[in-house]
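The structure appears right after this line, and notes come after that.
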Amino acid sequence: MPKSSKVTQRELSNEHVTESVADLLALEAPMDYKSSQMSMNMAGGGPPPIGKPDISPDLEDGRPAWNSKLQYILAQVGFSVGLGNVWRFPYLCQKNGGGAYLVPYFILLILIGIPLFFLELAVGQRIRRGSIGVWNYVYPRLGGIGVSSLMVCGFVGLYYNVIIGWSIFYFFQSFQYPLPWSECPIRRNGSQAIVEPECEKSSATTYFWYRETLNITSTIADSGGLNWRMTLSLLAAWIIVCLAVIRGIQSSGKVMYFSSLFPYVVLFCFLVRGMFLKGAVDGIAHMFTPKLEIMLEPQVWREAATQVFFALGLGFGGVIAFSSYNKRDNNCHFDAVLVSVINFVTSILATLVVFAVLGFKANVMNEKCVVENAEKILGYLNSNVLSQDLIPPHVNFSHLTSSDYAEMYGVIKIVKEDSFAQLGLEPCLLEDELNKAVQGTGLAFIAFTEAMTHFPASPFWSVMFFFMLINLGLGSMIGTMTGITTPILDTFKIRKEVLTVGCCIVAFLCGLLFVQRSGNYFVAMFDDYSAGLPLTIVVILENVSVAWIYGTKRFMQDLEDMLGFRPYSVYFYLWKYVSPVCLLILIFATVVEMAISPPGYNAWVQDLVSYTLVCLVLFSLLSYSYCPKIYEKQTGEFL
């Protein structure tokens with residue numbers, strides 16, 4: 001970097017990055033935006049293109065600014081690091097070959113993630129506007145990109161805050177001992193007490209999630225009316241988000257000091273605690289055991305690209321909005337690399353925690369399986385169905401280990417080959433428990449909660465876990481809401497308080513769709529179909545707009561003028577060729593996947609006490625059919 005650049009001079013000084021708007025005005029030299037390079041004019045000082053509105057950014061408008069560089073970095077980290085890092089990344093790592101999945105993820109992070117994240121940061125910082133204003137300023141016919149981004153933010157915010165509401169409900173339920181999901185409820189019929197059948201056939205945590213929390217219906221067509229407890233939790237979530245956004249970046253930036261750092265404290269505590277649990281090493285070893293043959297499958301690369309895409313929050317407008325409050329000579333290239341690395345390390349840390357806990361849970365379930373099947377064998381021995389000669393002499397049923405049971409199971413299976421299926425014995429393999437793919441809400445609200453019931457001081461760990469989920473969710477929601485409010489405020493200049501309250505009220509009312517008894521199915525449908533493909537299209541349009549319409553060479557020159565140094569030449573080729581090609585392939589693969597797989601959702605059928613994939617016929621919510629064979633083939637076994 002040239003030593004005469006403003007960036008270098010400021011880094012050598014003891015000044016804060018941005019202390020206030022006054023400091024920003026004092027440090028920035030006046031700029032003639034009509035002759036600036038970030039315009040579609042080919043001549044620097046010529047008139048604007050026909051029909052181009054005069055929306056040149058003006059520092060005199062009193063635009064807010066970050067109080068410090070640390071506050072800004074934490075805000076970007078809080079936005080990009082969200083619930084997906086805690087449950088989506090570990091699930092994909094488990095599903096797609098353990099350590100082998102990390103290779104395509106890291107490669108695509110370099111080829112797609114960092115370059116496009118850098119592009120959004122640079123555009124927002126250079127033009128100092130929200131997503132609509134940024135693309136209008138680049139070229140007036142591109143304003144629709146910002147509008148599309150805003151609409152997708154709205155769709156995602158509707159159901160994302162519902163998940164925060166669920167976490168709030170579980171957070172307050174955690175202040176009990178024993179935890180309310182640790183045991184099945186007892187139903188009394190006169191003088192007789194029986195265990196709730198639905199709970200007995202599934203598990204205590206599964207029953208608490210589907211029946212006590214969601215009180216879920218068996219299909220999306222049966223709304224079941226509003227769930228008042230989830231409605232109150234959603235209202236609390238929107239009140240918190242609304243207050244944080246109203247106070248602005250100075251206040252929400254201060255909130256980020258806690259909400260961005262606290263999850264790392266909790267994850268580290270869980271990792272340390274998890275390493276002392278029996279079976280934690282088995283889980284982590286399972287995570288890092290690569291299945292190299294899976295790494296060559298196209299599906300793995302497609303899911304890795306999608307996860308990179310969502311992990312950094314590309315296309316939502318939040319990255320551009322946060323960056324627009326920076327000084328123009330801020331080193332956004334350093335910010336892009338730093339936030340991307342932090343995001344990746346966070347995903348690895350969360351995966352270590354998840355696999356340590358799931359390793360512990362797998363051992364508990366495996367021991368339970370051994371005990372239950374040993375009791376079956378004892379029953380067969382007492383009724384002379386099995387001969388005592390089939391039991392190895394060193395086996396002690398009072399202290400039966402997994403290896404002893406495996407040996408006994410193998411002998412019985414060989415000797416009783418013809419009638420073995422009628423015995424109903426299970427192999428009880430630890431590997432089978434570790435291979436059970438649990439994702440999304442199933443990981444957080446079923447698998448993790450079940451594991452925590454076996455922790456000493458389980459309410460403490462439960463409170464910490466769900467408070468971490470709330471903080472992760474709020475950091476992402478604040479960024480999502482900023483991506484909505486900033487471009488509207490820049491375009492229409494209305495009072496921020498009025499706009500924010502209005503958006504939150506409308507969002508809460510629309511969000512009532514997700515707090516019906518069938519609301520969980522709508523959350524799953526929105527998560528699968530409302531954001532993935534639209535966001536990919538938004539980002540490729542952003543990429544093409546800068547690299548091909550505005551021009552990569554001109555953009556590189558703008559960056560050199562803005563930053564005081566020229567970015568690496570590799571970005572030229574990544575922006576112009578590599579990223580657009582990768583995104584086109586991702587769009588094509590997504591469309592093919594959607595065409596092959598019928599749209600559907602996993603329904604919890606109370607009568608069956610199991611999951612069943614419900615396929616929507618002709619995309620109608622009222623016309624559906626059960627398709628368990630497709631479910632078994634596509635998604636495998638759920639917990």
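Here the Cβ of each residue, glycine as well, is placed from N, Cα and C on the backbone.
Residues or ranges marked as Na(+) binding site in TrEMBL: GLY78, VAL81, ASN85, ASN343, LEU472, SER476. Marked as transmembrane segment by TrEMBL: 72-90, 102-123, 144-172, 230-249, 261-284, 304-325, 337-358, 460-486, 498-517, 529-550, 571-596, 608-627.
Packing against the transmembrane segment (498-517) from elsewhere in the chain are residues 154, 157-159, 161-162, 165, 214-217, 222-227, 230-231, 233-235, 238-239, 241-242, 245-246, 481, 484-485, 488-489, 523, 526: each is 6 or more residues past its ends and has a CB under 8 Å from a CB in it.
The stretches the transmembrane segment (529-550) and the transmembrane segment (144-172) meet in space: the count of Cβ pairs below 8 angstroms, excluding pairs fewer than 6 apart in sequence, reaches at least three. The highest tally of CB pairs under 8 A with the transmembrane segment (571-596), across 102-123, 230-249, 261-284, 304-325, is held by 102-123.
Once Cβ contacts within 10 Å are tallied over all protein chains shown, the binding-site residues ASN85, ASN343, SER476 are led by SER476. Compute the center of the Cβ atoms of GLY78, VAL81, ASN85, ASN343, LEU472, SER476, which mark the site for Na(+); besides them, the chain residues with Cβ within 8 Å of that center are VAL77, PHE79, SER80, GLY82, LEU83, GLY84, SER260, PRO263, THR346, GLY475. Counting Cβ pairs under 8 Å to the transmembrane segment (144-172), the stretch among 102-123, 261-284, 304-325, 460-486 with the most such contacts is 460-486. Long-range neighbours of the transmembrane segment (304-325) within the same chain, counting only residues 6 or more positions beyond its ends whose Cβ lies under 8 Å from a Cβ of the stretch, are 63-66, 72, 75-76, 79-82, 84-85, 88-89, 92, 96, 101, 104-105, 108-109, 112-113, 116-117, 120-125, 127-131, 134, 146, 149-150, 152-153, 156, 249, 332, 335, 339-340, 343, 347, 476, 479-480, 482-484, 486-487, 531-532, 535-536, 538-539, 542, 582, 586, 590.
Taking Cβ pairs closer than 8 Å, the transmembrane segment (460-486) reaches residues 75-83, 85-86, 129-131, 149-150, 153-154, 156-157, 160-161, 163-164, 167-168, 170-171, 174-175, 179, 237, 240-241, 244-245, 249, 252, 255-256, 258-260, 262-263, 266-267, 269-270, 273, 313, 316-322, 324, 444, 448-449, 452, 496, 499-500, 503 in its own chain, all 6 or more past its ends. Outside the transmembrane segment (337-358) by six or more residues, the chain places 73, 76-77, 80-81, 85-87, 89-90, 93-94, 102, 105-106, 109, 113-114, 117-118, 264, 267-268, 270-271, 274-275, 277, 280, 283-284, 286-287, 311-312, 434, 438, 443, 447-448, 451 with a CB less than 8 A from a CB of the stretch. Using a 10 Å Cβ-Cβ cutoff, LEU472 (Na(+) binding site) registers 28 neighbours.
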